[in-house]
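One structure is given here, and the rest of the page talks about it.
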């Protein structure tokens, strides 16, 4: 079994970093449609996410902005990946992680693959379901904090988001260790 792991929200200034771990139950027929979540439309991501969730074992883990501020985004991303894999509770022959750093994971074999979210099906799948999951969370936060445009900016440091911070102030879910304005 091969497990793919990826994270989303690393460059955001609001909310958690979120990771997903994915193991396909069998080889699904939609693998040729997978790609890095950043290259797919919202509609395509949501469509593929539903297919992935039906055809894979998966787990999510998120690390809050408070912990990000304490341990930094790099360590928080690795921790989210580690926890997502542990939550799967399935032993894999090979764990493939997007990026160049390896989280603390007990596995027979583990490799970090730069641009893995564009090359490895399991990492592509993790990228997609993680992005859809975090985007849904941002839509929910937008209902609570409508002045910050989270439904649109998804917590990223857009001009509108930074202008909202200048006008309305920093929220408890903003990452204080990041350049906010």
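Using the three backbone atoms N, Cα and C, a Cβ is placed for every residue, glycine included.
Not measured: the values here are computed from a predicted model.
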Residue in 69, 98, 121 which Swiss-Prot records at the divalent metal cation site where 6, 7 also bind: 98
Residues within 8 Å of the 6, 7, 98 Cβ centre (excluding the divalent metal cation site residues themselves): 5, 8, 19, 20, 77, 81, 97, 99, 116, 117, 123, 126, 127, 130
Assigned element (helix, strand, coil) containing residue 7 (divalent metal cation binding site), judged by DSSP: strand
Mean predicted confidence [pLDDT] for the domain 'RNase H type-2' (1-181): 96
Which of 6, 7, 98, the listed binding-site residues, has fewest other Cβ atoms within 10 Å: 98
